[in-house]
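Asks: Okay, here's the structure, questions in a sec.
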Amino acid sequence: MAHPIPTRPPSFLHPLVHPLLLHRAAKPVVWCLCLAPLAWLVVALFTQQLGANPAEALLRSTGDWALRGLCLALAITPLRQALGLPALARMRRLIGLFAFFYAAIHALCYLWLDMGWQWALALDDVLQRPFILVGALAVLLLLALALTSPKRALQLLGAQQWQRLHHSIHAAAWLALLHFYWMRLGKNQWAEVAVYAAIVAALQGWRIRSRRTRGRA
């Protein structure tokens, strides 16, 4: 029988933050915050602020925001447990969907700007270059999670199968991080890679620790 993951008592933030998270405006605010990077990219594109290579800037920015969204979605549960803010759980699905949203835009930009919608060429590129392959696998995993995010999918799959599938978000995060590492490999941008690697590793460490704690309960 599964035991609930221990949650700390409400922190000093609880009286202030918890009502805000439950407010009906909370999700629209998160929507606006998640769409803000895309809005900035669109404005920057049409006002020629993306530099000498707008295509590369679009690809890089959308990929970066997909990885950030993944990290934030994975951080919801640890933050909820550490801060004693159960209402944070309301935001996990929404933020996870936005991570897929930016990953999908990233993939579409690649197909359009790099491949010119030539599907055979894109498939060959995926098979020839490992960093494209791991990125494609991450997008496919996120697609599966997005398609099964509605409550109807939970009913159709059953709780156990649904949970098993949605635990693959952790695999998607590692694949996205590996893709990010390979993309930065030739540019000596190690600091940025190290930051994201530390975040993902810390979140995975928290998950393992929580599972062990639950197993001993």
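Each Cβ is built from the backbone N, Cα and C atoms, and glycine gets one as well.
Pulled these from TrEMBL:
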- 64-176: domain 'Ferric oxidoreductase' (DOMAIN)
- 28-46: transmembrane segment (TRANSMEM)
- 66-83: transmembrane segment (TRANSMEM)
- 95-113: transmembrane segment (TRANSMEM)
- 128-147: transmembrane segment (TRANSMEM)
- 167-183: transmembrane segment (TRANSMEM)
- 189-206: transmembrane segment (TRANSMEM)
Asks: Cβ pairs under 8 Å with the transmembrane segment (167-183): which stretch of 28-46, 95-113, 128-147, 189-206 has the most?
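Replies: Against the transmembrane segment (167-183), the leading stretch is 128-147.
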Asks: Restricting to the same chain and to residues at least six past its boundaries, which positions have a Cβ under 8 Å from a Cβ of the transmembrane segment (95-113)?
Replies: 30, 34, 37-38, 55, 58-59, 62-63, 65-66, 68-70, 72-73, 76, 119, 122, 132, 135-136, 138-139, 142-143, 145-146, 149, 169, 176
Asks: Tell me, please, if the transmembrane segment (189-206) and the transmembrane segment (28-46) are in contact, taking contact as 3+ Cβ pairs under 8 Å between residues separated by 6 or more positions?
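Replies: The answer is no, given that the two segments have fewer than 3 Cβ pairs within the 8 Å cut-off.
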Asks: Give the nonlocal contacts of the transmembrane segment (128-147) in its own chain as ranges (CB under 8 Å, at least six residues past its ends).
Replies: 63, 66, 70, 96-97, 99-100, 103-104, 106-107, 110, 153, 165-166, 168-169, 171-172, 175-176, 178-179, 182-183
Asks: Tally of helix, strand and coil residues over the domain 'Ferric oxidoreductase' (64-176) according to DSSP?
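Replies: Tallying H, G and I as helix, E and B as strand, the rest coil: 100 helix, 0 strand, 13 coil.
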Asks: Please average pLDDT over the domain 'Ferric oxidoreductase' (64-176) for the predicted structure.
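Replies: Residues in the domain 'Ferric oxidoreductase' (64-176) carry a mean pLDDT of 94 in this prediction.
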